Each structure stands twice: as structure tokens, then as C-alpha cells.
């Protein structure tokens, strides 16, 4: 039995898709366990760039099973768009499996997400407005509609009628907005369900059978630890658990079956949306990192906020996700910067903090304590081993591993999967 979890250690956009794609080569099953189409990942496969939001990165390998787990929330309309996107490019999706227990995002979730953000004004969370939060709210309130319901004409109609009676009252009374017609949503989305029915099954059985047979299973996290609803910078977080512990809940696989956890981070930090960001850069270096690193959201297109590498954040991720291995991406983006900095602690009211404070008012006032290292000017995009890196770049990578306390397993010097280099094999093969 060999299972590996890939999680983001920052605020998402760390390059998890590329690392998952890279690790997929030796995996036999690839599964997502939380989130929805609010997560965007860019994958370069055979020289072609693909942008996915729902479907696991392993979809490009026909012989590998790809799983959308029960912990995800699925917009059937968005899923069908993504399936067509792949089919139009000659990519088969016969290897896709969708949990019959995954919850469904419906039009009223999208509308509620948008209206609530507008209502909050300056206090908005900065959601992607994909209906993720409202769908998870309904799940917690036990009124959600699952894939199994979507495929059952009678059950879907009954639950939709009940939910819309409440949702339409909410739209009219709280937001002064029009509600939805039950029949229109029912006919449209029941048809969507029929189009994806071939993929729907009990994915917990699929995953556990694979593990019991000794097959290699890769679990692909979305977003990042700092966006985790429990361990992140709450309330500026997503509505699910990207931490490694989310695998057991979101896939139906027991914790004893998780063997390795790879934490993915960039050589700097980025963030989309609102919330505290201690190492954020507002100067020319920040702009340089944004442009060279192409720091614009895959899902939203919004410019990402960027800053220096924060070892306090990644140490937090190591602790709450039990990270066993580190994957450091985008080292090449820092090339040409004379002095590079790593945040080693925070300072608040004269006190040095080694951990991320839960109180966001405190976090917002924290000043980063930096360690400065000499930069490098050499082109490193063709480097194939740690030893080939220029001395200053190699020292930077080693220092990140030391400060975070996570052994380095791989590092990347560019966006293509061929620019990802293995230091040690996470599958133990």
C-alpha cells in the first residue's frame, strides 16, 4: 500500500497541479478530496497547457483512475464544460469517477454567493463566487443535494422544491432579489445529471480497493493550508479542509492508510483575495515577482498579492498537516534579485512570535523578521539536480528546508513538468 497526499502550504497557487501531474506518472489512482471549481490548476502536458478546475490532474493518463471524492462540491454545469474542454482537445475522460456522496452546486448557491459578497461590501471575504461556500453551508445544515439525489428524478424534485421554498424567501426578504423557478432548474440540472451519470459511483470503495490491492494512490489537495476553514486565516478562508486530514473525511479512506504528505510551496508567497499577509511586497520587487511568476489567478484572473517566503506559515502547515516531504517551486522567479529574504518570525508589540497567531487583528499588525541571503543572476531553468544550482540558489533552497523543518523531496525551476527535479522519491520506489 502506497499513498501520497499533496497539499499546498501557503494560500494556494503553489503549483500543486504541476507536482500532482509529475507524481501521477507513478500513481495508479489520483483523487481530489475537497473544494470545487473555485480551485484552478494549470498543467503542461506534452507541451500543451491545460487549465482545470474540477477534474484531477491525472486525467491525462488513460490508465489511471481519477476520483472526485465525496468531500467535494460539484457544479454539474461547470463539470460538463470542463469535460467538453478536454474532449475537444482529444483527452479521454473514461477514467473519471465521481462520488455519489459529493454535494451538488445549484444556481441558487451561485446567486447566494454573489449577493452575500455584495451585501458585505468592504467586509467581503473575497470569494470566487462559484457557490462553494453556500453549498457547504447547505451540507452542514443537512439540506444539501448529493450526486445520488441528482440522478434520482423523484428525490431531486422533492428536495429541490423544499430548498427553493426557503431560498426564494431568502432572496426576496434579505436581498430584495428575484427567486428561481423550480421546474426550470429541475429540467436543466436533471439532464446534466444524466450526462454525467456514467461517472458516478461509490468512490470510497474504488479508493479502498485500490489501496488494499497495493496500488499507488495520490490525493490531490486544492487551495492551501492557510485557506483551511479550521487551520487557516479564518474567516479569509475556503469552506473546506485542504489540510492532509481532509483526505480521510473527503475521500472515505481511513487515516491509517495515509503514508506520505508532500507540502508544496513557492520560493516566495502569493495570495488572492483579502486577509492579513505579513510578508506582502508593494514595491518594484513585488511587481517583478508578479510579472515573472505570472501571478494571476487561474480561476479569477485577478492579480495575486505577492511577498517574500514565510517560514512561519510553512512551519504551521508542516505541523497541522504532518508534512513528510517538501516540494519547492518557482525558484527561477527569484533570479536577478540582488538580495532575497526569508521571514523567520514575526514581531508584535516588541514580542517575537514563532507561530501564526489565531487572532487576525494581531496577525495584521505583525512585522516580519527577515533573514537576508545573497541572490543569484545565473539562468537556472535548465538545472537538473540540486548540485547544478548556483551556490547562492542552492543555499536558499537548503535554508528554506532547514527553517521549515521539512526534508526536500523535489524542486522546480520552471513551469514545465520537465523542470521539476527529484531529490528523493516520495513513493519509496
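Glycine is no exception: its Cβ is also placed from the backbone N, Cα and C atoms.
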IMP binding in Swiss-Prot involves 13, 14, 15, 16, 38, 39, 40, 41, 128, 142, 238, 302; of 112, 223, 287, the partner in that site is 223
Rounded Cα distance, in Å, between residue 12 (GTP binding site) and residue 304 (substrate binding site) is 11
Checking the binding-site residues 18, 300, 303, 304, 331, 413 against residue 40 (IMP binding site) with a 10 Å Cα-Cα cut-off, in sequence order, leaves 300
The rounded CA-CA distance in Å from residue 18 (GTP binding site) to residue 301 (substrate binding site) is 19
Residue 128 (IMP binding site) sits from residue 300 (substrate binding site) (Cα to Cα, rounded, in Å) at a distance of 7
